[in-house]
Amino acid sequence: MNAIAANFAGNRWNRTFGWLLRREFWENRGGFLWAPVITGGIAVVMASLLAIATAIQSRSEANEAVTNMAAYLGAVGATADGLLMTGCSMTGTVLGFVVFFYALGSLYDDRRDRSALFWKSLPVSDTQTVLSKAAWALLLAPLMSLAIGLVVGVILWLVAAVTMLAGNLPGTSALFTHSHPFTVAGHMLATVPLDMLWMLPAVGWLMFCSALVRSKPFLWAVVVPVLGCVMISILGFTAGRVVPSLELPLGAIWYAAVYRGLMSVMPGTRALRDIENLQNINVDDPSQVIVRLLNEASNWHVLGTWDLWIGVAVGVGLIAAAIPLRRWRDEA
């Protein structure tokens, strides 16, 4: 009987959690779905206009003979891979802003419009509510953004193919035969769990502030830590003038409070910490540029750094702290 009761409770928990995930999408589909779709649509329209102009110019001018066909075809294939990455990069940039403001208002907006009182009257736990919001910010929204970005990249890919055909440019077939769409998609998919762990401290901090403050969550979540870092920097500079041997770790303070605590919500900030690995790329070889960028974006060596796991611990702790705060805070 105990096993049956536990199984029933587990099924009910999963069913309730699934409905909460649907609710988050219904209430925030403008950011999760339409923002990257519209951004991708604008990019496709602009690329199409540029393609028309390029095709007209190519047909009116004599094309130069290709001296190194192998290198040319490789560059064309790398262009196709780059277009796929471009689609994902555009939607990923939009994702960063969407997740930032979604997490910042995730637990505050419910109290501001009093809808939290309605949801608390239902058999829905605060743990489920907070975890459903964290799941969208950390996993589901990035997956949706990646899917939309790949679709946008494929459309840009096809636009490039039509442009080359219309402009009588050689090597159009190389867009398909010398490209690596599945490799690009696999590498981009591999970035999702890495970015999820990397984003945890920022998402946790934003959700914690959203549950804690009674008003102006942006000021508390962003302005307060930034001003705190500025004041510490001024204090450190002043103290260094008085006592030259005293030196505060200002770089580490800014890195922890601003870069990891706020900016890590943006995709790509994880790769910026290893920017020196990209300095020796041969920019004259487009295929090498694409391969190095993909390898750095999906580099699992970050799992062996204390930086990542300390951030994960802090993020999990902040999200856990937001659960009782939501239970105690009834209004904004």
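Cβ atoms here come from the backbone N, Cα and C positions, even for glycine.
Over in TrEMBL, the protein carries these features:
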TRANSMEM  32-56  transmembrane segment
TRANSMEM  83-104  transmembrane segment
TRANSMEM  135-164  transmembrane segment
TRANSMEM  184-206  transmembrane segment
TRANSMEM  218-239  transmembrane segment
TRANSMEM  308-325  transmembrane segment
Exercise for the section: Could you tell me what the rest of the chain brings near the transmembrane segment (135-164), counting residues at least six beyond its ends with Cβ under 8 Å? Expected result: 21, 24-25, 28, 32-33, 36-37, 40, 43-44, 47-48, 51, 54-55, 76, 79-80, 83-92, 94-95, 98-99, 102-103, 106, 171-172, 175-176, 179, 181, 185, 188-189, 192, 195-196, 199-200, 203, 207, 267
Handout entry: Tertiary contacts of the transmembrane segment (218-239), as residues 6+ beyond its ends and Cβ separation under 8 Å
Key = 104, 205-206, 209-210, 212, 246-248, 250, 253-254, 257-258, 261-262
Practice task
Using a Cβ-Cβ cut-off of under 8 Å, list the residues of the same chain that are 6+ residues beyond the ends of the transmembrane segment (83-104) and lie near it.
Solution key: 28, 31-32, 35-36, 39-40, 43, 133, 136-137, 141-142, 145-146, 148-157, 160, 181, 184-185, 188, 199, 202-203, 206-207, 209-210, 217-218, 221, 265-268, 290, 293-294
